[in-house]
Amino acid sequence: MITLTHFLVVSACIFCIGLYTVLSKKNAIMILVGIELMINAAILNFVAFGKYDKVSYGGQIFALFAIVLAAAAVAVGLALVLNVYRHYKTINPDEIKELKDK
Amino acid sequence: MLAFSPYISSFIDQIIVSIPYFKPELTLIITFIGTIIASLFVDKYWDKASFTITIAGLLLSGCYLFGQGLSHVDMVGFFDMIHIDTFATSARMIILLSTLLIAIFIQQRHQHDRPLGDLYAVLLTATLGLNLLTMSSNWLMIFIAVETVSISSYIMVGYFSSNKAQSEAAMKYVLFGSTCAAVMLYGVSLLYGFTGNLNFDAPSHIAGLVEAPKLMISIALLFLLTGIGFKLSFFPFHVWSPDVYQGAPTVITTYLATVPKIAVVVLLSKLLAAWLAVSFYFSDFLAYAIIIIAIATMLIGNLAALRQQDAKRMMAYSAIGHTGILLMAVLVYQNNESNILLFYLSIYTLMNIAVFIFIDSLEVSLGNTSIDSYKGLGKQSPVLFTAFSLVLIALIGLPPTAGFVGKLLIFSKVFEQYQNFQSFGLLALLIVGALTSVISLFYYFKIPLNAFLKDGLDQYVHKSNPLLLGIGLLCTLLVILLGLFPDVLLSIF
Amino acid sequence: MEIILFYAFAVLAIGSALLLVNLKNIARALFLFFIVLFAMAGLYLFALADFVAITQIMVYVGGVLILMLFAFMLSNKELLKDLQDSSGSFLSMPRWQAVVLAIGFLILMIFGITEWHQSIPTWIQQAKENNTEIIPTDNNIQQIGLRFMTFYVLPFEVISVFLMMALIGASHLSRKERNR
Amino acid sequence: MPILSLLIFLPLLATAFILALPTRYKSSYKYIALAFTAVQFVLAGICYAHFDANKTGVQDLAGYQFVEQLPWIRLDLGSIGKLEIDYLIGIDGISMPLLLLSAFVMLMAIGASWNIQKSPKGYFALLMVLNMAVMGIFCALDFFLFYLFYEVMLLPLYFLIGIWGGARREYAAIKFFLYTLFGSVFMLLIIVGLYFSVVNPETGAHTFNMIYMMNPQNYLGDSIFAWDGYQEILGISARLVGFVVLFFAFAIKVPIVPLHTWLPDAHVEAPTPVSIILAGILLKIGGYGIIRICYSIFPDMAALSNWWLGLIGVISIIYGALNALAQKDLKRMIAYSSVSHMGFVLLGIASLTAEGISGAMFQMISHGFLSAALFFLVGVVYDRVHDRNIYSFRGLAQLMPKYTGYIAVAFFASLGLPGFSAFIGEAFVIIGSFNAASVGTGLPRWMALAGSIGILLSAAYLLWTLQRMFFGEIRLKGGESWVNELTDVNSREQLILFPTLALALLLGIMPSLAFSNLNASVLNLVSFIQQFI
Amino acid sequence: MDPVAHISPIYTALIAVVAPFIAFLYQAMAGKRDQSGTISLIGIVCSFISGGITWLAIWNHPIAYAEINWFTIGASTFKVGILLNNLSALMLLLVPTVALPVHIYSRAYMKGDPGIHRYWMYLSLFCFAMLGLVVMDSLLLMYIFWELVGFASYLLIGFWFTRETAVQANKKAFIVNRIGDLGFLVGLAIIFTQFKTLNLVDLFGETGLIYQSAVTNGQWVSPVNSMDQVWLTIAGLAFFLAAMAKSAQFPLHIWLPDAMEGPTSVSSLIHAATMVAAGVFLLATVFPLFNESALIFIAIIGTITAAAAACFALGQYDIKRILAFSTISQLGFMMVGIGIGTWDAALFHLVTHAFFKCLLFLSAGAIIHEMAHLKAHSQLDFDPQDLRNMGGLKKYMPKTFILMSIASLALAGFPLTSGYLSKDSIIISSFEWALSKGDFYLIIPVSLIIVSILTAFYIGRLIFKAFLGELRILDQVQDKLQGAPLHEASKTMLIPMMLLGLCCLFPLFSLNPVSYHDSWLMDGLLLDEYTFAPSHSAHLIIPLILLIGSVISWIIGWKWYVQHKYSLNSNSLALKAAFNQGYINELYQWVFVDGTLKIARFCYWFDRYIVDSLVAFIQFIVLSLSRLSVWIDKYIVDGIVNAVASVAYWTGNQVRLVQNGKLQTALYSVFLFVLLGLIYLIFF
């Protein structure tokens, strides 16, 4: 029997891996990948809970919206990352640090 | 499915009933489309077409909104997706008016060869998102609205990308924002799991939260705060804002510093009003978290601002500090008593728009926003710097400006709560609030200090834009007049 | 049987994700991301969310991932070379601070989940008792469609505007290069 | 005729005029300022002439005179009740003399700024705004209004010091601003607390009306500043906290040791007219605030804590005088002497006797124009040679005999020579604080004795300075060129100095000019506070 | 009795007070334009006449008393008024009587001084203040005039303000007087607290409050208040402190010798005759206030002052300083008079002393005037005030010599002079007082007798050295001394001196030249009864001792100073006697002269270095304290503020660490905070 807890544990793992990716990868695109992982973890949660919400289908619909929103965000994010690349010739976030407290 | 079908017609009816109340937003959507079309086809011939449409649309939307305000609409529509009340109406009014100002600001600062039509479209979408945010009480709606606002903000920051700083700001903004949004989404998913319901003010939602396990709900709430905190830029989610404010074009910074905050504050106050009404683990947790966050935000914002050399960056920290004050107001917001909050929000917006208009005007003349470069300019542009100083005084919260009245009202409200509950946290809020006002004196006064008290080295030519300066002066005047007669504004809300 | 499949997908998702984050080569990492997304879509199926799973594959694999690959190609021409020259190892060393943080979150969440496991939320219990769970035989696509047109009509409309805006924005942001 | 409103807002009109006039008429700004201030002075004189000395004031609105009350801000704020802010102004025996003093000192300040060259437009405009705020402070009876004026006062001063000041003007200006603001933000919190504790007995709404705040019956039973005093903030009685915070807010202005360090800097760096205003009016606001607000709203706590107040007063007297003794800069010396002299005010107030409080009031009035005159006199020398160091001068009496005459009179007047006003003030402060032990206010007699040492020390530093700078053979740091530059006082300067010092003499001989108006109010205040001892 | 009875004495007293004030105002307005001083002179003449009329009307008549409201403070109303009783009427007469000759004298003495207009102005101010002081009816008003005379004295001491020593001296005088003023102020505070009034009539009148108060159970109870009895003593001592400063009592006497930097006419009026006596006047006024311990303290201080000052006078060479120390010494006598309760005697001595000491100063002034003349003429640099330069002046200034001798005799208490009467009255009374008190107290009258003899000696020395013998400076100026640069003082100076000379003789005060009890003055002021029994033998013995002592001292002085050594002629009959005499002389020499001189030198040294340096030390301490407080101000008080500011900046700085521009650092910090916050909020 697959219980709710199974899903939650998996999603927690994915979420934390996503978080780790965001925090550690030295490439803006990989950070976006990490964000997508976190969103996927959330979506997994939604669908797992949504199983019990037959009346409003809230979970599944939220998941669908989330996928769409994430996709749009990625599109915009990538466009901006490319813009940075044009100016800096790198997308390593550690090297993009002109704006800081001086 | 069979159980669902009989109700469909009644559902449709409800949608039809709801639509008239959605007129202001529908106007925005139509204007959005109109602007896109104009920017595609008409702008080539008349470069103000999209601007005109935008302004017209905003005004029309404002008219509808005014109608709603007059009739004190209080309704729930679209299957609890939106809840229009006077609070939301007033907040939307402020949002619209400030968007209008910013649209004019954008138009006046049009110095790029890039067409601005798309920017107006994005601005309108953002406005739509903000409006929705003030009205919605459904997590789905909220999330979509937040994302709408966020993504349009990303686009606005990166829109010109004319230099390194702007693109860097945009990238940081988008990465930071998306991360926070993802975390918030996770938090919302957990909330959904606790309650099986997405309306945060629904009784079943609150019942679900009450019985939720402590650790999990704490995680969920903090994740939720991450998303909201990013938008409001309170501690510790404020780290992006100085970089972005500094890097973004000044017009966009103006927008970021003011308008989105209004909507998010409204959302947060509604959320807290709904949740803090009951006293269970989750609400206590939230209240404490907000108090601690507010204190830390005020302290961090004001202390970090002390060392800033760049006017925009300093204003970013100042905005963080003000968020702390706003959080105080949010914390003690109770239903149907939105006027203090709205008063402060409108004053805050006015002050910030004025300040950024002045900063921008100086940036155009000087080519940078460093405070040091203002040295000795007070004698050369006395009007600008006098107004600038007055607004900064208002930001500190000194009489006779509206900034003072706003702070006074918020402190009063908090004090009243303190008197009722004798909570140490509230007292600490008050003391820190007062203390940070003193600290803020230091950095705000750097500007008049440099402008009036120090001697400049070289001549500079002030390129003044009469319309923008006029708006700035108008804002200044309003800030002072409202300080003397706050009841004019307060009685509207 | 079902549970074994679930575990398989779960291990696949988590394993590839772990590998993904530790790979130095970004092209390979993006490929692994592809696997993770597939595995996740598989997991959605176990929650009886077939439409979501399909959307996941369509949107993510068909859209997002391709976009990322393009972006990577556009941005990392020189970087790729550098990496290939210098990297002796297949995996990059994890950054301990990030690891600590992520593991900290994980521990907290696992604790939370186990705590939660003891007390199933009321609404889920009620759903189980009233048999209002989604069952494999339900026509999810139709149900979702109905709800999009009723309960969720407003978000549905708004997201269309949103997508339009994102489209304009993204295109505007990337159009620049051609202008230059 | 709304004479007080006229008094307050006339300067604002002057500001408008000055701002409206184009810069090419800049030589006329001072005349405008002078004219308006003169009218203001006349108005204040009318107030004085029509003042009914038998009316009591203090905690009784009927006892106030020239009262104007208009509803200003009326708001329904839901759970925090109706916001009721009145435009309520009026004067009693405590504010009347200070009002007149302010008008007079303002006139002096305008006279002293006759030769301002650096952007006179801004200068006079700010001066007039300051003038308005000061008048407002002394008239306001609504706490909100009071706070408004109190804060508005800071800004013009900041700029006046910061733009027209000396070498370290920025430091001095920000320091001054910071100290005062620090006091006043916490004052704001107490104001809010008071607002929630007090209701208007007529309407039942919360109110900022100070008069209502003085009546124990208007306090809500469970409010934070309720009179039964069981409310606590951080374990301390809430009323005590309120009193102490308000006291410190005003004491910074007075100033007391150790919160006085803004004063020497501000005085030294400020231009002469601003020093005059600072010493002549600003410091009085501190004393006035303590009497009008701390003592009247928290009489119980005043009765409880006057020992400490007296101690602070004594320390200020002696510490200030010792510091003055060691100064090399003439202006700084006078600044420290202000600390010492204002210490008497605090001591007198702390005595809680009619003699002591009247003495303190008189000392404030007397110090008002004496210190103004002293700063003006320093300005005279500074204008001529741009040096204020005591050791740079010697034997000035031969070069500037009239000037020496004036400064000698001013020095002797401020060291408390009988016949001059400062004597009456200081003597009655000493007598009053000595008497305090008999009344049972808890102020020990040694404080009076210790305070009197300050009189001795003030003689020491003033006479020493007189000897060092003015007597003996001529020996100047600047040599021969200074001899030509150090011309004697001109007629404009005499026009300012003579009335000031004459006034000091007049008040010294006829103290009833001030006391007769003070007395009813002071007696009322004393009896009001003494119920709580 | 008198034709002027229908004019109220109040008005005449008022005229007496106001006339100099008008002169002062006139002179202040006129400035340099009027250098003659005529108006001042007229003013003082008016005062003199009205003072005289007032005295006639009041002396031995009921008191006159008038007042008007001055101001009300709290519940108490202060009044300004004039109180005329025998005491004040006497003073009102005395002051112009002394001041008038001084004014006349000054016209000649100060002639040609560039600042003479200031001189007249200050002098009139002083007369006004002094006259005001004596007639005022309230302690507060007395205090005001008390300070005002000090102020006038300050101005006059520093009259030649370009002289460094003069401005040092006036500063010293004012500050020392300030110490006394504090005592006065404290006294006022105590009286006001205890009686709620400062009016002299209410306090010390027939049924004054002071008589209604008593010490019971350690509490000093008055009709309106009560306080610990120690305050009664403190009040007495406080007033005495005031008198000590003003009347130059040990150890606050140090200002008076320095005050001789002022013009000699000023010294004669202010620092000999009137102002310094104000302390005695004050003590006489508030006499009922003193309790036993305060009185004894006064007597002791008076004795010490009298003795010390007399000793100091022996060692002086400056003619004015000798007189200054003599003044101090005589004031000590008066204080003893107060201390033993016979304030009438003290007042008597005050009056007589005023005349003869004034005359002494004026004569000294004449001498100095001439010496300065000589100095200017001979273009030599010498000190015209130094006794060692004088000698033989009798030849040149015989009238001055006679007048000065009369005054000196009066000072020494020689019979037939006024001094004899008044001095005896104090010494005899003190003897009687000591007898009634006990043997130990005899030390006071004995000291006084010795001091008296010393007085005779030093004044004799002054006369001998100045007038007899040869002009010592002559050796140096011999060849230049053509003609006669030294001559008698001008008439304008001599006439007032003669007037004063007349006042030094007994008939003015008592028709009986040997009994002070017959003096009208003592009659008028006579106390109801002394607290001690009279001793008839003392009346006989003491004057005798004094007389003999004085004469012996003069003989010694004559031999010593005029003849320079004792003649040891070969007269065989006298040889043995001479030997014996020589033996006695050597003993005298060794015991008295050397010893006295040594003591004198030591005392002066003590005065100069210990007492004076005590002042310097206190000054040093005060200055160090002030430096310390500046330091504290700069580094501690301000330092705390700066430290707070630094902490704020530092915190701001720490925050900036996060803002290093790296995106992931920012993100990391955010999530770290979330995690920590989570842990905190859950577990704490």
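Using N, Cα and C of the backbone, Cβ positions are placed for all residues, glycine too.
Feature annotation from TrEMBL assigns transmembrane segment to D:31-51 (among others).
Here TrEMBL flags D:84-134 as domain 'NADH:ubiquinone oxidoreductase chain 4 N-terminal'.
What TrEMBL records for D:87-110 (among others) is transmembrane segment.
Residues 7-12, 14-15, 18-19, 29-30, 32-33, 36-37, 40, 89, 91, 95, 98-99, 102-103, 106, 109-110, 113, 116, 145-146, 148-150, 152-153, 155-157, 159-160, 163-164, 273, 277, 281-282, 285, 288 of the same chain lie 6 or more positions beyond the ends of the transmembrane segment (D:122-138) yet place their CB under 8 Å from a CB of it. Among the features that TrEMBL reports, transmembrane segment is placed at D:122-138 (among others).
The feature domain 'NADH:quinone oxidoreductase/Mrp antiporter transmembrane' is assigned by TrEMBL to D:140-438.
The annotation transmembrane segment is assigned in TrEMBL to D:144-164 (among others). Within its own chain, the transmembrane segment (D:144-164) has Cβ neighbours under 8 Å at 72-73, 85-89, 116, 118-119, 122-123, 126-127, 129-130, 132-134, 136-137, 170, 172-174, 176-177, 180-181, 184, 187-188, 191, 208, 210, 266, 269-271, 274, 277-278, 282, 285, 293, counting only residues six or more beyond its boundaries.
Marked as transmembrane segment by TrEMBL: D:176-198 (among others).
Packing against the transmembrane segment (D:275-298) from elsewhere in the chain are residues 58-59, 94-95, 98, 101-102, 105-106, 108-109, 112, 130, 134, 137-138, 143, 146, 150, 153, 157, 194, 210, 213-214, 239, 242-243, 246-247, 249-255, 263, 266-267, 331, 334-335, 338, 342, 345-346, 349, 357, 360-361, 364, 367-369, 371-372, 374-376, 378-379, 525, 528-529: each is 6 or more residues past its ends and has a CB under 8 Å from a CB in it. Residues or ranges marked as transmembrane segment in TrEMBL: D:275-298 (among others).
Residues of the same chain lying 6 or more positions beyond the ends of the transmembrane segment (D:304-322) and with a Cβ under 8 Å from any Cβ of it are 240, 243-244, 247, 251, 254-257, 260, 336-352, 433, 436, 441-444, 447, 450-451, 453-454, 457-458, 460-461, 532. Taken from TrEMBL, the feature transmembrane segment covers D:304-322 (among others).
What TrEMBL lists as transmembrane segment is D:334-354 (among others).
The annotation transmembrane segment is assigned in TrEMBL to D:360-382 (among others).
Remote same-chain partners of the transmembrane segment (D:403-434), defined as residues 6 or more beyond its termini with a Cβ less than 8 Å from a stretch Cβ, comprise 310, 337, 341, 344-345, 347-348, 350-351, 353-360, 362-367, 370-371, 373-374, 377, 380-381, 396-397, 443, 445, 447-449, 451-452, 455, 458-459, 462-463, 465-466, 470, 488-489, 494, 497, 501, 503-505, 507-509, 511. Residues or ranges marked as transmembrane segment in TrEMBL: D:403-434 (among others).
Tertiary proximity for the transmembrane segment (D:446-466) is limited to same-chain residues at least six positions away from its ends with a CB under 8 Å from its CB atoms, namely 310-311, 313-314, 317-318, 320-322, 324-325, 327, 330, 333, 337, 340-341, 343-344, 347, 390, 407-408, 411-412, 414-416, 426, 429-431, 433-434, 436. According to TrEMBL, the transmembrane segment annotation covers D:446-466 (among others).
The annotation transmembrane segment is assigned in TrEMBL to D:495-515 (among others).
Two recorded stretches are said to be in contact when at least 3 C-beta pairs lie under 8 angstroms, sequence spacing 6 or more; the transmembrane segment (D:495-515) and the transmembrane segment (D:176-198) fall short of this definition. Here the transmembrane segment (D:334-354) has Cβ contacts under 8 Å with residues 251, 254-257, 260, 263-264, 267-268, 279, 283, 286-287, 290-291, 295, 302-303, 306-307, 309-310, 312-321, 323-324, 327, 360-361, 363-364, 367, 371, 374-375, 378, 414, 422, 425-426, 428-429, 432-433, 435-436, 439, 441, 443, 447-448, 451, 454, 457-458, 461-462, 519, 522-523, 526, 529-530, 533 of the same chain, all six or more residues outside its ends. Remote same-chain partners of the transmembrane segment (D:87-110), defined as residues 6 or more beyond its termini with a Cβ less than 8 Å from a stretch Cβ, comprise 4-5, 7-8, 30, 33-34, 37-38, 40-41, 43-45, 47-48, 51, 53, 55-58, 61, 63-72, 127, 131, 134-136, 138-142, 145, 209, 211, 273-274, 276-277, 280-281, 284, 288, 291-292, 361, 364-365, 368-369, 372-373, 376, 496, 500, 503, 514, 517-522, 525. Under DSSP, residues within the domain 'NADH:ubiquinone oxidoreductase chain 4 N-terminal' (D:84-134) fall into helix, strand and coil as 33 helix, 8 strand, 10 coil.
Per-residue confidence over the domain 'NADH:ubiquinone oxidoreductase chain 4 N-terminal' (D:84-134) averages out at a pLDDT of 89.
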